[in-house]
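**Q** Below is a structure I'd like to ask you about.
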Amino acid sequence: MPQNIADLRNEYLKASLDESQVGDDPLSFFSRWFEEAVHSEIKEPNAMTLATIGESGIPNARIVLLKSISEGKLRFFTSYTSTKGQELEKHPTACLLFFWAELERQVRIRGSIAKVRREVSDEYFHSRPVSSQIGALASDQSKAVADRKELETKFEELAKKYETSPVPLPPTWGGYELTPYEFEFWQGRRSRLHDRIQFLKQGSSWEKRRLQP
């Protein structure tokens, strides 16, 4: 390695986070931060770590993309038979983490998970590039494959088959939506005295508090 990993560190100086800035609606404040991330031209500001509960309670995580926020719920799409899909089926709760390094910010969101309506999945699926639609149809996500050639051959066959007709929505593919019951907003600060504001759902309202860094 070119240098000692322990020596990799940065000072956080860009901004601060006060309770009065956040307000009383965490979703509204999240939308504000998200818009700032988009306008800052961060590459894939909608990329988020999705953490799930795996087999025997062992955690699992991967990056997925936020695709919409509707009625207070955060929505993403994937294969229902993938590893994450199977884990969400058994344990319908998850944690999302957005990390915007350029803004020295992160947001952690925990909540319950449910599948979206089939028509919602169909509408989003057919808004994607046709090549992405075919890719979803060609891939049995998370299953082993002999080699890449096998996958590419299947893709080419399906591309030819649906050259002049709509690609059907795979029965094993669709959306999930997370209904939040916890938000944590993190703003990096000098001397590692980071700002952390947490919201916990209490009935129909939110309880807000500051956490120590």
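All positions are counted from 1 along the displayed chain.
The backbone N, Cα and C atoms fix where each Cβ goes, glycine too.
Below are the features listed in TrEMBL for this protein:
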BINDING   Arg9, Asn10, Glu11, Tyr12, Lys67, Tyr124, Arg128, Ser132, Arg192, Leu193, His194  substrate binding site
DOMAIN    34-159  domain 'Pyridoxamine 5'-phosphate oxidase N-terminal'
BINDING   Arg62, Ile63, Val64, Leu65, Leu66, Lys67, Phe77, Thr78, Lys84, Gln106, Gln141, Ser142, Trp186, Arg196  FMN binding site
DOMAIN    173-213  domain 'Pyridoxine 5'-phosphate oxidase dimerisation C-terminal'
**Q** If you pair up every Cα among Arg62, Ile63, Val64, Leu65, Leu66, Lys67, Phe77, Thr78, Lys84, Gln106, Gln141, Ser142, Trp186, Arg196, the residues annotated as binding FMN, what's the maximum separation in angstrom, rounded to an integer?
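**A** Pairwise Cα check on Arg62, Ile63, Val64, Leu65, Leu66, Lys67, Phe77, Thr78, Lys84, Gln106, Gln141, Ser142, Trp186, Arg196 gives a maximum of 36 Å.
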**Q** Rounded to a whole angstrom, what is the C-alpha distance between Val64 (FMN binding site) and Arg128 (substrate binding site)?
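**A** So the Cα of Arg128 (substrate binding site) lies 15 Å away from that of Val64 (FMN binding site).
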**Q** DSSP says what for the domain 'Pyridoxamine 5'-phosphate oxidase N-terminal' (34-159): how many helix, strand, coil residues?
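**A** Each residue of the domain 'Pyridoxamine 5'-phosphate oxidase N-terminal' (34-159) counted once, the result is 49 helix, 43 strand, 34 coil.
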**Q** Cα distance, Arg128 (substrate binding site) to Phe77 (FMN binding site), nearest Å?
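**A** Distance (Cα to Cα, whole Å): 11 Å.
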**Q** In the structure shown, which of the binding-site residues Arg9, Arg62, Arg192, His194 has the fewest Cβ neighbours within 10 Å?
**A** Arg9
**Q** For Glu11 (substrate binding site), identify the closest of the binding-site residues Arg62, Leu66, Lys84, Gln141, Trp186, judging by Cα separation.
**A** Trp186
